[in-house]
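Peer 1: In case it's useful when we look at the structure, here is the feature table from Swiss-Prot:
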- 4-57: domain 'ClpX-type ZB' (DOMAIN)
- 16, 19, 38, 41: Zn(2+) binding site (BINDING)
- 121, 122, 123, 124, 125, 126, 127, 128: ATP binding site (BINDING)
């Protein structure tokens, strides 16, 4: 079918060797040695190959499930501290994917899903832990902000939009999406506004918890490929959320007070009361380790919602030493990232130990945890990153404590080994 035929004008009309369409019926005709293929056939071949890859990839994944020890080791490469939380996450994630790979019940025993609740202050590593797990397992990952969610029918995002975002991450491959991880941040912000059910609708608090119940537990969610409430005529995708791992995280500010009230430590009055001294006071992190489901109910989460998150992990507040480690030790440490940026300019970047301590202290003062470290380093390096591309012969930039405190400019060491201090403009 690839032979040339006259087109009546004295020229030759070319035809696709596969489908027989002429060059005028297709957008593009690609020529080979005595053979032609049109763009439509190329696209069809790509679709066939993609479908075969989809069928093969789940089988290949069977042999790639890391053990809890291996998962923990990967987390250690990117996340400093939080040993207890890492252990809890490694076991929960391993069991979840083991359940998916052995979907057929044995002896009638059907394995339930164990979603995860992470409790810890801002910047303690909740999001990073979830992201790292998804990257290690090579599964689709998406994040949702609980504060933007509302009940269906109200202004805001429907909970089904979470699944739609997950589908977007894997090019609307339903099978792949059903092996994904969803991280819902700020989950504490959808707590019930009062202990007693209100006669008015709480569309962004308890209402969202109710809407999330079925999604987290497992349901067949009908999701439009284009998302949202538009395009009502289009065909919906059916996604089984019982196979998706949901990780919810929040700072739960004030939860420690609820726990202390339950513990009744040093709360009595009178001559026989136990008085709580300074030495008996626990840190917020230590108090959160004692959290019970009843404390979360008191905080404002409904019992049914807590029941869908059986695995609980608490993250401790990061101290100065941990922040210093985060700055320099992980594979993608902030100082290593900026050193790589400077290396592109053929310049070495050095942070002295006293500079790292000063940066950690500044982050502690701001109470932003590890999340605030990048913005601090960005601010310190702003002027030098602005000037460096226009400066010749700089071989090394040194950052010390005085630079972090704003008392001096970075030390520039030139290629001729003569050290100078960059003069402030």
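Placed from the backbone N, Cα and C atoms, the Cβ positions cover glycine too.
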Peer 1: Over all shown protein chains, what is the count of other CB atoms within 10 A of the CB belonging to residue 128 (ATP binding site)?
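Peer 2: There are 20 of them.
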Peer 1: Which one is closest to residue 121 (ATP binding site) in space, judged by CA to CA distance, out of the binding-site residues 16, 19, 38, 41?
Peer 2: 41
Peer 1: How big is the gap, in Å, between the Cα of residue 127 (ATP binding site) and that of residue 19 (Zn(2+) binding site), rounded to a whole number?
Peer 2: 50
Peer 1: If you skip the near sequence neighbours and keep only those at least six away, which residues in the chain come within under 8 angstroms of residue 41 (Zn(2+) binding site), Cβ to Cβ?
Peer 2: 16, 18, 19
Peer 1: Show which residues of the chain containing residue 123 (ATP binding site), separated from it by at least 6 in sequence, have their CB under 8 Å from its CB.
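Peer 2: Within the chain, residue 123 (ATP binding site) has Cβ neighbours under 8 Å at 318, 363, 368, 369, 370, 371, 372.
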Peer 1: Least buried of the binding-site residues 16, 19, 38, going by other Cβ atoms within 10 Å?
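Peer 2: Checked 16, 19, 38; of these binding-site residues, fewest Cβ neighbours within 10 Å: 19.
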Peer 1: For residue 126 (ATP binding site), which residues in the same chain are close in space, meaning a Cβ under 8 Å from its Cβ, but six or more apart along the sequence?
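Peer 2: Set apart from residue 126 (ATP binding site) by at least 6 residues yet with Cβ under 8 Å, we have 118, 120, 185, 249, 315.
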Peer 1: For the C-alpha pair, I'd like the distance in angstrom between residue 122 (ATP binding site) and residue 38 (Zn(2+) binding site), rounded off.
Peer 2: 55
Peer 1: In whole Å, how far does the CA atom of residue 124 (ATP binding site) lie from that of residue 38 (Zn(2+) binding site)?
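Peer 2: Just about 55 Å between their Cα atoms.
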Peer 1: Round to a whole number and give the Cα-to-Cα distance in Å for the pair residue 125 (ATP binding site) and residue 38 (Zn(2+) binding site).
Peer 2: 51
Peer 1: Cα distance, residue 38 (Zn(2+) binding site) to residue 128 (ATP binding site), nearest Å?
Peer 2: 46
Peer 1: Considering the binding-site residues 121, 125, which residue's Cβ sits among the greatest number of other Cβ atoms within 10 Å?
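Peer 2: Per the Cβ count, the most surrounded site is 125.
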Peer 1: What mean pLDDT does the predicted model reach across the domain 'ClpX-type ZB' (4-57)?
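Peer 2: Summing pLDDT over the domain 'ClpX-type ZB' (4-57) and dividing by its length gives 80.
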